[in-house]
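I'd like to ask you about the structure that follows.
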Amino acid sequence: MELSKNDEKKPSPLVQIFLDPNSLDSLSNSLTSSTTSKNLFSTGFSKVFHTRTRFLMMILCLLCLASVWSNILCFNFALICIDHAEGIENSESLEQQINGSEGIPEDLLLLNGGTEQEQNFGTNSSFSTLESTKNSTNIKTPRLHFTARQKIFLTSTVALAALISNFAVVSLVNHCGIRTVFACLGMLSALSTCLLPAAIELGFYYVLACRFLQGSFTSKWTYYKQNGLFVSALVAYVQLAPAITMPVSGTLCELLGWPSVFFAHGGACTILFSLWALFFRNSPNKHPFVGEVELRKIAVGKTELNKELQKRIPIREILRTASVWAVWIAAIGNFVCVNMMFLYSPSYLNVVLRFPVAHTGFSASLAPLAQFCIKLLAGFTSDKIRFLSETNKLRLYNSIAFFGSGLFLSMLAFFPTDQPSLCLVLLGISAGLLGFTTGGFFKAGPLVAKHYALVVMGQISLAITITLLLVPIMQNTLAPHNRAEEWRLVFLLTAAILTISNLAFCLMCSAEPAHWTTDEFSRNASKSKIHTIEESIEQNGQSKWNNN
């Protein structure tokens, strides 16, 4: 049976969804439509959710963001699992090699750049001599897949990919909407995470490619009285992700092996972003669950601009605004500390503080969990304080976060490591205090940028990217052997960065909307562009007339 030309050229429904952004609307609307009437369906769900649909969307967005960040973080923990698993597997063969030879095999001297401390398999003995190796009673030496330098590349590659795609993604979001772009990037993150076990078996460059794919990954839905709460919830994914990933990864490693870490994270990511594609809308007035009462609440305090004006982003004016730079500088200081803690705290706990590998995941999750809870609390209290101006509230909350965290990091730097529980408490307090940033620079961005918050806050991802690129280099340079005295330098430098960035924020921050967020500015910019085009046409016409 021959197919018609139309049938031959017609793509599959799945392909149509990703080729045409409107297909997502068609698919989700068909799934959320009643057989009798879509209006009846919408009315029914409006009664179920009352005026709380925006909270459902907030939770969904939070989980999706946390899933993407978990996909990135689980790699570092999986490396510890891989090394631990191979150490147990190869310990017997290592003992046979030691007993049957006069020296240590050359490849064992290449243990992560020549130091066994980074792996912490229960011994402090050096591998430099045969005698010291024989005296160790619990040797577990893994055959590493990656050197220390390769591990830096594998972490930094995620940042490099995000850095390359950052501005392109922001532009795509402004033209295609966050729903379609975010769904596609989430699926890409899930796919690359599921491919990592095979890539690890194949070699370094395959893993590098998957990590690159992982890296290539608020203002419309909030009621103005709950702005701080929504901001605190949506930025809390940075803490929620490690709080879930660390203990879950540790459990999966023990029960099912290290590949299950990637498969579980990739599968969860796929489910969450499928729900995102079906239920999220770029605008609340297009959502079938949102009623008139909730729409009126969301619309309070917002400026309505048409799509053409929203696409004309005042980049030059944004870059000239000091309060915007205050947000970006504070973001860099914040994420230097956050990435240092959440990427490398498992190594610090395992190697320096001597926590067992099985308990490292749970211990490492305490700091981000504390920060997550404080973020929600800080966002709520920031909305309730009335005796301070908005600008002074921004300064207060950001100073509590940065100065407080820097103080406890400095204390941790000089605290004896033979008190691991107290060191863990200091680390947890330092991380937890950073949660007050939701009342600081995180809240300042939407206040200054209003309907351009996506542009200003979107560049915070650039701060995450830059620090994700620099922190591995900083950690490897200052603490190449993961010794306590080396980590002291890491903590002190991080505290200094927090102090300097907070001083800059307090000097330049503001809670007042920038002049380029007003309707008048947008209309003037539009008129100016029209006049420029008309003048250009007149000049070209006059030039042709003179030539003739």
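Just so you know, glycine gets a Cβ as well, placed from its N, Cα and C.
Straight out of TrEMBL:
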TRANSMEM  55-82  transmembrane segment
TRANSMEM  152-174  transmembrane segment
TRANSMEM  180-208  transmembrane segment
TRANSMEM  229-249  transmembrane segment
TRANSMEM  261-280  transmembrane segment
TRANSMEM  322-342  transmembrane segment
TRANSMEM  362-382  transmembrane segment
TRANSMEM  394-415  transmembrane segment
TRANSMEM  421-442  transmembrane segment
TRANSMEM  454-475  transmembrane segment
TRANSMEM  487-507  transmembrane segment
Using a cut-off of under 8 Å between C-beta atoms, tell me which stretch among 261-280, 322-342, 362-382, 454-475, 487-507 contacts the transmembrane segment (394-415) the most.
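When the Cβ pairs under 8 Å are tallied, 487-507 comes out ahead.
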Among 55-82, 261-280, 362-382, 454-475, 487-507, which stretch has the most Cβ pairs under 8 Å to the transmembrane segment (322-342)?
454-475
Who are the long-range neighbours of the transmembrane segment (421-442) in its own chain, taking Cβ under 8 Å and residues 6 or more past its ends?
228, 231-232, 235-236, 239, 326-327, 330-331, 334, 337-338, 341, 345, 348-349, 353, 363, 366-368, 370-379, 381-382, 393-402, 404-406, 408-409, 411-412, 415, 460, 505, 509
With Cβ-Cβ distances below 8 Å as the criterion, list the same-chain residues six or more beyond the ends of the transmembrane segment (362-382) that contact it, or say none.
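For the transmembrane segment (362-382), the list is 77, 228-233, 235-236, 238-247, 250, 341-342, 345-346, 349, 355, 393, 397, 424, 427-439, 443.
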